[in-house]
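Feature list (source: TrEMBL):
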type     : residues                                                                                                       : note
TRANSMEM : 81-104                                                                                                         : transmembrane segment
TRANSMEM : 127-151                                                                                                        : transmembrane segment
ACT_SITE : Asp200                                                                                                         : active site, 4-aspartylphosphate intermediate
BINDING  : Asp200, Lys201, Thr202, Glu310, Phe358, Lys381, Arg415, Thr495, Gly496, Asp497, Arg606, Lys612, Asn635, Asp636 : ATP binding site
BINDING  : Asp200, Thr202, Asp632, Asp636                                                                                 : Mg(2+) binding site
DOMAIN   : 658-908                                                                                                        : domain 'P-type ATPase C-terminal'
TRANSMEM : 689-707                                                                                                        : transmembrane segment
TRANSMEM : 722-742                                                                                                        : transmembrane segment
TRANSMEM : 772-793                                                                                                        : transmembrane segment
TRANSMEM : 805-826                                                                                                        : transmembrane segment
TRANSMEM : 838-860                                                                                                        : transmembrane segment
TRANSMEM : 880-902                                                                                                        : transmembrane segment
Amino acid sequence: MSEVQCEQPNNSLYTFTGNLIMDNQTLPLSPNQILLRGCSLKNTEFIVGAVIFTGHETKVMMNSMNVPSKRSTLERKLDKLILTLFGTLFTMCLIGAIGSGVFIDRKYYFLGLGKSVEDQFNPNNRFLVALLTMLTLLTLYSTIIPISLYVSIEMIKFIQSTQFINKDLNMYHAETDTPALARTSNLNEELGQVEYIFSDKTGTLTRNLMEFFKCSIGGEIYGTGMTEIERGIAERRGIKVQEVQASNNPIREKGFNFDDVRLMRGAWRNEPNPDACKEFFRCLAICHTVLPEGDESPEKIKYQAASPDEAALVLAAKHFGFFFYRRTPTMIYVRESHVERMGKIQDVSYEILNVLEFNSTRKRQSVVCRYPDGRLVLYSKGADTVIYERLAGGSDALKNVTREHLEQFGSAGLRTLCLAYRDLAPDMYESWNEKFIQAKSSLRDREKKLDEVAELIEKDLILIGATAIEDKLQEGVPNCIETLSRAGIKIWVLTGDKMETAINIAYACNLLNNEMKQFIISSETDAIRAVEERGDQVEIAHFIKEEVKKQLKKCLDEAQQYFHTVSGPKLALIIDGKCLMYALDPSLRITLLTLSLNCSSVVCCRVSPLQKAQVTSLVKKGARKITLSIGDGANDVSMIQAAHIGVGISGLEGMQAVMASDFAVAQFRFLNDLLLVHGRWSYLRLCKVVMYFFYKNLTFTLTQFWFTFNTGFSGQRFYDDWFQSLYNVIFTALPVIMVGLFDKDVSSSLSKKYPELYKEGTRNMFFKWKVVAIWAFFAVYQSLVFFHFVTVSSSASQGSSGKMFGLWDVSTMAFTCVVVTVNLRLLMICNSITRWHYISVGGSILAWFLFIFIYSGIMTPHDRQENIFWVIYVLMSTPYFYITLLLVPVAALVGDFLYLGVQRWFFPYDYQIVQEIHKDEADDSGRSDLLEIGNQLTPDEARSYAISQLPREISKHTGFAFDSPGYESFFASQLGIYAPQKAWDVARRASMRSKPKTNKKN
């Protein structure tokens, strides 16, 4: 039996099967128990997150994933269509082979099937005849497989990415000089079918420009400002917000937005807790890894920090009078003001003895320093959950007050950190330092041993206070989220912040509102805290899992009651990382998925990077919906890679997210253009390209198939070899590429004004088997028209010399009709026709005539293709050619024309209704006034204004080929009301004659 070695930091929770060997004892493991320090597992497998490791030595890397290979949903469905075509090809060949075996007979004396005939036509061996005929027909019908389709699609996607997405000025961020970037061209059409967006918060929804805003010191709150979220909360509650008057001389600097005269310019000395203030400021100035740059003056110095939060804290210390200006490997120099007395400034050097660095597991940072007078102090800052666990006993009043302040800061959408310190005895420190040096010099398991040593000294801390840093929302985020929601896209926020902060950010982003029914699953309950205080990890794991199970079942039962109501409220789920860890267990994830999919918004708080990826994979694989993940930092890479589409924001946290993404933008609001415009257009265009390729190849091949029935299934070709070779390469290649690049149903501004149009992509309206069947029906119909119309009419026709038309005359006539018809059919599916469409369609038809003129002219009777000699000249010398060229395309396209007319009149798509509404407007011009007005209104006012601008039932039955006055269902969908369209009402209105306008007299 093999053994798997696994090493994890403390308090890491994973799922295992097998036996746990710890301290030379073997303990049976039930699922969902906690693995603590170094341990071994005996059995065939164990599971870490969603990854299974089996019977060999391995190391587990937390929060990591393999880089996936992504293909779009349309490409996977295209593979099924190609397999269907292969099946059709095999069926056609089988029919021909069976017919050949049955037809071949010596009674047809004119075939000359003597006794010495070759095997392919020997009636004595019909099976061999059928087999060889099938191979012949495979090459003859191979044109049904659109080999050039993949080349055309890749060309279209590449140009869409490099020329349209990358150069869209609406997605260009001028402040950072950052355009949009498509890092892959495989997923353009996938952007038009997204149903779920998973978003990080910091740097994605917010600006990641941290500003020191408030603080709590010794149980007292300092800072008089009001955040955007606090204003939003007040407005939701109907409270009139009164602006707080700023101090006479407030200090403003990027990263510092604090205003309270009680702490500024040495006024903190007059506070009831000056010693706590002093420790607070020194902790900010000493406990960090910031590097100063430039002149050592407060006005010119620049700070280089690992995160914007850390830079903001050091900047705050400078403005409070504790100016950090120099750093060496072992010393930190701080210029302190007003410490001994008002107005006195002194430079103090602190010896940095040890730095216990921050990581995602520890969630804290500590520094051991020695004062000039020899005092040894440990300063620590970190998340409130980890700092409170390590506080010394006593001072319960301060702890409770500070906890209330933290909740208040979180409710205002501020990012919080707790500050604490501890005085160290020299002998105790020396003993601990030896262990620290030993762990630091270890060559194996160094990080783990350093964490264990840090646990020995980071305890019995004294709480100083808390900081509150504001990270403002990016411009346009609330409007963008509202627009995407109207498009039918559900947005989930996955963040590592506190639940209070995440909830209020969600309110500010319009993800949550007071009308929603909110289900909150949190581990911060009295029952769970009581179990955690006992310290039994196995008991904690079992208890939390049972609590999560109860909460999920309760929420799902309550949600199902709302499902059965006609006008029930929208649902929202808020869950924290600790509960999510258990909810992702295989026994509970189905319940979690069912509840989540029926919620309009989901907010996951305190989640790790791996949990972000697991939630994304849960929806991607469990719900089989198209997902998009967007983030800006290295901790979002796993989530970005797990989704169908990954979008990276090129922000202030490096380029890791961008390098792992499929598309990169500078701001969250650019998702509107990326999805509603480029994604939707790409989906529509590529669907048309695929369907058109399918149609034109099937039409061309079926004419050859019908001819086989007239040749005794002998495999005689209907078309010349060059006709067949150049059909897809020259005569029909360019127009379809123009459709894939330039076809546009509505303008970009209308795509964003009517985001409901996006739902046609999520419902896959334009690439389903029903659509394939309709195209196949018309391909069969047109192929019958081409073959029978031409062959029957030519039987009674003759050339100018009096000779009847032969095989090559008829096939050339039929091929001419095919080329002209399929190119004209392309124009019928275009929503917008540009000069490039005319050039490509006209050029393709002209290319055919130029080719046949040259090809039939240069062939001589001594060449192999002697039957093509002078064919086109013979045909064009007769009226038959021109009459047939006129009538056959008309007869072939009349069915398509009638179908498109009926569909647009009685069963219009949403985009066709929008076309009729705005048929008299220019593409994107003439709308600046409307857009400008819309930008100045609230979302509700803008929507009302847009509805008021819609034309009523005044139609002149002109515009986009067919008019469709029945807009009632579409107007209702704009207002969130379902109203089924009445076909008879549309017909009645369409039949009404428009009356001339007359001026009414009063």
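Note that Cβ sites are derived from N, Cα and C of the backbone, with glycine treated the same way.
On a predicted model such as this, the values are computed, not experimentally measured, just so you know.
Between the transmembrane segment (772-793) and the stretches 81-104, 127-151, 689-707, 805-826, 838-860, the greatest number of Cβ pairs separated by less than 8 Å involves 689-707. Around the Cβ of Arg415 (ATP binding site), the number of neighbouring Cβ atoms within 10 Å comes to 22. The stretches the transmembrane segment (689-707) and the transmembrane segment (880-902) are not in mutual contact, being linked by fewer than three Cβ pairs under 8 Å (pairs 6 or more apart in sequence). Most Cβ pairs under 8 Å with the transmembrane segment (81-104) belong to 127-151, among the candidate stretches 127-151, 722-742, 805-826, 838-860, 880-902. In this structure, the recorded positions under consideration are Asp200, Asp632, Asp636, and the one with the smallest number of other Cβ atoms within 10 Å of its Cβ is Asp200. Long-range contacts of the transmembrane segment (838-860) within the same chain, counting only residues at least 6 positions beyond its ends with a Cβ under 8 Å from a Cβ of the stretch, are 722, 726, 730-735, 737-738, 812, 816, 819-820, 823-824, 826-827, 866, 868-873. Looking only at Cα atoms, Asp636 (Mg(2+) binding site) sits nearest to Asp200 among the recorded positions Asp200, Thr202, Phe358, Gly496, Arg606. Within its own chain, the transmembrane segment (127-151) has Cβ neighbours under 8 Å at 78, 82, 85-86, 88-89, 92-94, 96-98, 100-101, 104, 119-121, 689-690, 693-694, 697-698, 700-701, 704-705, 708, 713-715, 717, 724, 727-729, 733, counting only residues six or more beyond its boundaries. Cα of Asn635 (ATP binding site) to Cα of Asp200 (active site, 4-aspartylphosphate intermediate): a span of 9 Å. Of all the binding-site residues listed (Thr202, Asn635), Asn635 has the fewest other CB atoms within 10 A of its CB. Ranking the binding-site residues Thr202, Phe358, Arg606 by the distance of their Cα atoms from the Cα of Asp632 (Mg(2+) binding site) places Thr202 first. Separating the Cα atoms of Phe358 (ATP binding site) and Asp200 (active site, 4-aspartylphosphate intermediate) is a whole-number distance of 21 Å.
In this structure, the C-alpha atom of the residue listed as 'active site, 4-aspartylphosphate intermediate' lies 9 angstrom from that of Gly496 (ATP binding site).
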